[in-house]
């Protein structure tokens, strides 16, 4: 679920921090820049693990700050495919079940990856598994706040870097539409279609009823 990623960056330290130890100032700046941010094709950055190398620092004309090239390792949330995670149902929609693991909310289990047969209850706004027993079908509701175990089957990274308008005539309405279509920079796609993830028999019925 968590991995160590080797990174390199040039860190700017303002003059008023020169009285501090360089490592402490650099660690603080790196966490300000990266913590709780998604790096494209890397994952969600959590915290600095360690600094492996500091190169020479430079002060450029017109800028009193020091600039240091830093090699470091960062703790990143990036589950591998087929990894099994435990989360909590945050909401349900026609698009599927939306799951949170506390510090990361952009997880979705699409309808085709739910236990089948499943249906969406419009009135309750929840997904329902029509569980078959010897006594007939039982509706097992996937209620908000319930714990859920799922397998990671896919991931999507979206480059959310700011871009300039395509033309000088771009209207305010187009800009508003773009904001509404803004996607999460990192999304996990899960699946609970396997019996091992939801349990079977009486145990499942008790958990989901």
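Going from the start of the chain as shown, residues are counted 1 onward.
Cβ atoms are placed via backbone N, Cα and C, with glycine included.
Sequence annotations record features per position, and here TrEMBL assigns domain 'RNA polymerase Rpb7-like N-terminal' to 8-64.
As annotated by TrEMBL, domain 'RNA polymerase III subunit Rpc25' applies to 83-195. Secondary structure counts, DSSP: the domain 'RNA polymerase III subunit Rpc25' (83-195) has 13 helix, 53 strand, 47 coil.
Among the features that TrEMBL reports, region 'Disordered' is placed at 160-185.
Marked as compositional bias 'Low complexity' by TrEMBL: 166-177.
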Check: So how many of the residues in the domain 'RNA polymerase Rpb7-like N-terminal' (8-64) end up helix, strand or coil by DSSP?
Finding: 16 helix, 25 strand, 16 coil
